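Visitor: Can you read through this structure? Questions will come right after.
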Amino acid sequence: MWPNGSALGPCFRPTNITLADRRLIASPWFAASFCLVGLASNVLALRVLAGARHGSSATRSSFLTFLCGLVLTDFLGLLVTGAIVVSQHFALFDWQAVDPGCHLCRFMGVVMVFFGLSPLLLGATMASERYLGITRPFSRPVAASPRRAWATVALVWAVALALGLLPLLGLGRYTVQYPGSWCFLTLGAERGDMAFGLLFSLLGGLSVVLSFLLNTVTVATLCHVYHNQEAAQQRPRDSEVEMMAQLMGIMVVASICWMPLLAFIAQTVLRSRRPWARAGSCRAPRRSSCSSTCAWPRGTRSWTPGCTSCSAGR
């Protein structure tokens, strides 16, 4: 991908992929179609949510505000990342020539972390709101206004953005990923890379787990109220069941789409600790060679993380 002997920027790592391989890996039309379908679906969802908010109760209006924030986050994430990835697939530009200072790569890395983590945090926030509304109705404000809900969404965005900016402050790195069309956090053996990768995976994983636990308790509470003859007058309205059905769907999608990647990142980081520890045991007078390399199998479409090795010879 890059000429031998060229000076690579901080976000570049040597790969053996060729221009012909990049043409075979992904079709630009597939990437463009995927983004257009996602954007159109989000626009339709926003229109439906805008109409549903009129005449809704305070509780349902607050939930719809959270849902609107979630859909808006997904829409903006597809728009920003899709513009970069689709342009790269059509132009097949050399990232090092276009972005030698790694400004675009760092921007995309921040965007990927922000728009990846925000939906998970919003899902956990919505699960917490419904949990309190169903199981602890008197421990929360009687009328949770949409303004307060939007403030909560803004707080979630601020947390996700703060995490995404950490590599720009020195904790972790954003690097160009295989096949050279996108940037993301680095799964390397350096302490900063390991700490940032573990922080990202743990925060995202805990959000999904928290959503699962709270949604399970909330659904169990709703079922108990429905089937309890003595509490017939306290049976939940259809809107409560509808909101929980939507929230369960969001949780299932988030679990399927994100948990494998989060588990993969955490597993890779934890495995990298052992070779890193062994690297500290390479001492003179032996000749040591401690290196961190990235292997990208030719012809594969999967993202293969780098492996770390430490070898010593006399």
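Cβ from N, Cα, C; glycine included.
OK, TrEMBL features for this one:
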type	residues	note
DOMAIN	41-264	domain 'G-protein coupled receptors family 1 profile'
TRANSMEM	29-50	transmembrane segment
TRANSMEM	62-87	transmembrane segment
TRANSMEM	107-128	transmembrane segment
TRANSMEM	149-174	transmembrane segment
TRANSMEM	194-226	transmembrane segment
TRANSMEM	247-266	transmembrane segment
Visitor: For the transmembrane segment (107-128), give me same-chain residues lying six or more residues beyond its boundaries with a C-beta closer than 8 angstroms to one of its C-beta atoms, as numbers and ranges.
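Guide: Apart from its flanks, the transmembrane segment (107-128) reaches 63, 66-67, 69-70, 73-74, 76-77, 80-81, 84, 152-153, 156-157, 159-161, 163-165, 167-168, 174, 182-185, 200, 203-204, 206-208, 210-211, 214-215, 218, 247, 250-251, 254, 258.
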Visitor: What same-chain residues lie close to the transmembrane segment (149-174): Cβ under 8 Å, and 6 or more beyond its ends?
Guide: 10-11, 62, 65-66, 69, 73, 102, 105-106, 108-115, 117-118, 121-122, 125, 183-186, 188, 190, 192-193, 195-197, 199-200, 203
